[in-house]
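So the structure is just underneath, and the comments pick up after that.
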Amino acid sequence: MDSSLNPNKHLKEEFVSNLDGSSILEIAALLTIVPLLVLIRYSIGFRSRTDNNNDKSVSSKKNDDEIAVSRQWKAYSYAISLDFIFIVFPMLLFFTVLSEWVYHGVVLLSLLLLVLTVTAKRSSSGLQRGQSLSFRANVSSYRVALMLITCLCILAVDFTIFPRRYAKTETYGTSLMDLGVGSFVLANAIVSRQARDVSSGNWISGLKATAPLLLLGFIRLVTTSGVDYQVHVTEYGQHWNFFFTLAAISILTSFVNIPAKYCGILGFTVLAGYQTWLVSGLNTYLLSHERGNNIISKNKEGVFSTLGYWGMYLLGVDLGYRLFYAKHSNTRSTTISIARVFLVSLILWIVTLLVDNYVERISRRTCNMPYVTWVLAQDLQALGIFMLSSYIPMNKLSPLEEAIDQNLLATFLLANVFTGMVNMAVDTIFASPLSSLVILTAYAFGLSVIIGTIHFSGFRLKFW
């Protein structure tokens, strides 16, 4: 072929380059809106009557079975549509055309949630707080929210209606998309076998579990190169990607497998040593345009930042163990558990501001210590808000949350495929605001419907 499959590749790469990000406060407000939307959806309370094929074995006639399934599908489709209207679509709006109304959104949504919760409690006097979501369900909501944010942003960032301050920063600073890989690392750490103090086997089994991540990393490398897809080289390097970072963390954890109660000490030691190395001159090298001919130099951002992400993972294991899985954690009341999460988040916010101001500014590109503490503080704050669902009567994971939670990998891969298809078919940086919003809405709705259909059919693709 004489012409490139992606003629505007360099323009698209420049469109997401040399950005400075937004304020920590604005990102915190955005990450408050997301759980508030989910809690409002809980307070509305409608969900489908299907629960993993509960009614399918009741009928003795084939025709009755078909009618029952048809009714279940209609109810399920209606519930998925409500999830999209109350959770996904408002998220998309606040990430794009309503980005200037973020602080107003926090206030209005908080007031709306308060009114709905009080109303729900008055109309459900027979319900007990014991029916509230478990910690596992709260973590599922938190992980699903991260996935939805990621899926929306990876395509929205290519359109002009997505504020440049929300796209990944070039060197130092904070943005919505900067939270992405760090939040996934932390989410995996909190629910890991290590955090739950469950034996994870030897290093050989750990390496086997890493194989799918390595495979996905190479598939992404080959496909992006094959279609001449735009790649922001300063994000990870020329060949490195998100999957390789997760694989590297898994490999390091397999070789250095210690009890959860010691992970915090090791994690802090790794981060302190890495941060010392950064301020001693490594940061200058990592943030420069200098690249040698060897594989490490070509992928310096991805290779060296792995140390920071591994330290973050170890701290996440320690926090997960001490806050949620240690024996004394199970005896605490819900209110005390929530208060502990917010208290730890507050301490981490203070540490973040101190390190950011007096040691080194936050940098996702190097995954330095202030970036790690920022991700920990921000995500624990969001998780604490999700845990407030305990005060909403009859709350339960929404159908879309259940669908995505059971198919996190499928959701992420499908979103990446759709993102690539849209970028190949549309000159995203030249699309009008209205066209951009229509395309993004169709993409988000299509993704929601497909994942919902997959879950309704009983399919599951999940390994992290």
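Placed from the backbone N, Cα and C atoms, the Cβ positions cover glycine too.
In TrEMBL this protein carries:
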type	residues	note
TRANSMEM	24-44	transmembrane segment
TRANSMEM	75-95	transmembrane segment
TRANSMEM	101-120	transmembrane segment
TRANSMEM	141-162	transmembrane segment
TRANSMEM	174-191	transmembrane segment
TRANSMEM	203-222	transmembrane segment
TRANSMEM	242-258	transmembrane segment
TRANSMEM	265-287	transmembrane segment
TRANSMEM	307-325	transmembrane segment
TRANSMEM	337-359	transmembrane segment
TRANSMEM	408-431	transmembrane segment
TRANSMEM	437-459	transmembrane segment
Exercise. Is the number of Cβ-Cβ pairs under 8 Å between the transmembrane segment (174-191) and the transmembrane segment (242-258) three or more, considering only pairs separated by 6 or more positions?
Worked result: yes
For this session: Determine which recorded stretch among 24-44, 75-95, 141-162, 242-258, 337-359 has the most C-beta pairs below 8 angstroms with the transmembrane segment (101-120).
Result: 24-44
Exercise. Mind checking which residues reach the transmembrane segment (242-258)? Cβ under 8 Å, same chain, six or more beyond either end.
Worked result: 181, 184-185, 188, 194, 200, 203, 205-207, 209-210, 213-214, 216-217, 220, 236, 266, 302, 305-306, 309-310, 313-314, 464
Exercise. Are the transmembrane segment (408-431) and the transmembrane segment (141-162) close, by which I mean at least 3 Cβ pairs under 8 Å that are 6+ residues apart in sequence?
Worked result: yes
Problem set entry | Contact call for the transmembrane segment (24-44) against the transmembrane segment (203-222), three or more Cβ pairs under 8 Å | no
